[in-house]
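Have a look at the structure below before the remarks.
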Amino acid sequence: MIPSDFIDELLAKTDIVDIIDEQVPLKKGGANYMACCPFHKEKTPSFSVSPTKQFYHCFSCGAHGSAIGFVMEHQGLSFPEAVQFLADRVGMVVPKVHGQNDNPEVRAERKKKQQTLEETTAAAADFYAQQLKFNPAAKAYLDKRGLSAEVIAHYGLGYAPDGWQPLTQVFQPYPNTALVDTGMVIDNEGRHYDRFRHRIMFPIRNPRGQVIGFGGRVLDDSKPKYLNSPDTPLFDKGKNLYGLYEGRAAVKEAGRILVVEGYMDVVALAQFGVGYGVAALGTATTAEHVKILMRQADSIYFCFDGDSAGRKAAWRALENALPQLKDDKSLHFLFLPEEHDPDSYIRAYGKAQFEDALLNQSKPLSEYFWEHLSDGIHLNTQEGKAELVKTSSPLLAQITAPALAYLLKQRLSELVGIDPDNLAQLLGQEAPKRHVKQKNYKLPPISVKQPVMLTLVQRQIRSLLINPDWAAYIDLPDYLALDGDFACLANLAESIKNHAAVPETAQVLEYMRGSPYEETITRIFHSTHQSEEMNSSSEEDCENFQIGMKKLLNELKYSQIETLKQKSLQSGLNESEKKLLLSLLTAKQN
C-alpha cells in the first residue's frame, strides 16, 4: 500500500493538463481544456480537463478521474504502475511501506509540516507584495523598467525591505523552523537573518500556482545580481522554471515556449506581449528542464546573450537536451547582439522585430550542433575531419530520436566525406534503442448513456467532489442511520475534514479509490452531462448547497422518526430510542 500523503504530494507536483495533453491534444475552452474523449469515439469535444481542480470528466461517457486515473485507463496500467510512472516524471521515489511509514501519526505529521512550509512561502510572498507599495525606490525601479501594474500583479512581484530581519513583521516567533527550512531565513551558527534584503522579489510557483521559492534582484549594480532560494523540501531549482505557471496560457496560444536567462527578461517580455517566456532558476538548463519544456510545446526556443557566457549556456542546454530529443519536437537557439539581452532588445526594437528574429534568425538544433562542434576545426584537412568524428560520436550516441539521429549521422558523413556505412563502423555500435513495452490500447466498451435525473443527495455528492471546501457545511449527527448515497456523502465529508488542508478534487477521488463508494461516484459522474454542473462553484451555488443540506437533514430526521415509530408499534423502544424519538419530535415541532 502506498501512503496517502505520498499520493497527495505526487498529485501536487503533477499537472494533469500536461499529462493528458501529451496523449490527447487539448484546447483552451474557458476555464478548462477540452478535447474529443479518448475513451469513446466522438466528433464533438466533450472531454474536459480542469487545471484548478486537477481532474478530467467526459460529459458524454462519464469517464473521470485524477492524473493517476487517466494514466491507468489510457495506458492500461495498474494503480502502483501509474503511481510509479508519474513519480518518475517528477523525480519522486515511491516509498516502500514498512515500519514507521505505516504509522498514521507519522504520515499526518509529515503532511502538516509540508502544509506549514507552503503557508510560510505564501505568507512571505504576500508580505513582499505589500512592501512594494510602500517603497519608493522599488516602485521607481519597476517604473523605470516600464512594468505595468497588471504585469506586476500577474507575476506577484514584491520587495524585500533592507535590514537584517524584516520578516519579523509577519512571522512570530522569529526565527522558526519553517522559515529556515524554506530558505527564507539563514541560520549562521545560531545567528538568524533574512536571506533576501533590499531586492525586487520574484515568487517562483509550481505547476499548481503555489509559491515554492523566490528569486531576488538587486536594484543597483551590486553583487550578486540575482539571489535564489536554496533547494528545499518545496523547491528544486533543477526541476522548476520561473514563469511556467504564469505563462501557461500564452504558451498554449503561441504553440511555443521561450527560455531566457533572467527573471527580469521573462517579465519584460511579458510586458511587451511575449508571455511565453520562462527562465532557469540560477542554474544551467538541466535534462529535467528539457523534459518539462517538451511537455509544454512542440517548439522550444532558447534565447541567449551573444557573449561567451551566453554561448556556453546555450551549448550546455543542448548537451542536456540530447537524450530527451523527440522527432516531433524542435529546439532552436537565438543569439542576440552582445550589447543586448532579451529585456533590452525588445525595449529597443519591439515585439514584432523580436519575434521575427526568434522565428527567422534562430538556428535549429541540428545547425547549431554542427556549427559549434566544427568551430576551430579545419575540415579541409584529414586531421580536422577525424577530430569532428571523435568529438561528435559520444554526443550522437545519446540521441534516441531515431529520425533525427539518422539525419545527424548522415550530415556528419557529408561533412567528413565518409560513406555512411563506413562511418557507422567508425562510430561503433549504434546508440541502444529504448525498448518500451507497448500495450495495444483499445477504446473501452463504454456506451454513451442518456441523462439520468440525479437525486438531491447525489447532486450534493457531486457538488462536494467539485468543491471539497464545502465539507464545512456538512454536519450529520451520529444518531442518524445512514446508508447508500447518504453514507457516501457522510464518508466524503469525513475524509475531507480529516486532512489538515482542504484537498483538491483529484485528491478526493483518490481517497475514494477502492472504497465501497467508488461505484456511487462513478454512477454520478456518468449521469453528469452539462458543463455547468461541473463548474458550480459560485456564491449562489454554495448557498444552494447549504439549503440542500438542510433539506437532506430534515429528510433524514423524518425518516428516522418514521423508523422509530414503526419499531415502537412492532417491538417497542429501549430508553435511548425513546429519548431520541422525543428529541426528534420536539425539534420538528420547533
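All positions are counted from 1 along the displayed chain.
Using the three backbone atoms N, Cα and C, a Cβ is placed for every residue, glycine included.
Values in this document were obtained by computation on a predicted structure and should not be read as measured data.
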If Swiss-Prot is the reference, give me the range from 37-61, 537-561, 562-586 marked as zinc finger.
37-61
Looking only at the domain 'Toprim' (255-337), what are its DSSP counts of helix, strand and coil residues?
36 helix, 21 strand, 26 coil
Counting other CB atoms within 10 Å of each candidate's CB, the least crowded of the binding-site residues E261, D305, D307 is D307
Cα distance (Å, whole number) from E261 (Mg(2+) 1 binding site) to D307 (Mg(2+) 2 binding site):
13
Number of helical, extended and coil residues in the zinc finger (37-61), per DSSP
0 helix, 8 strand, 17 coil
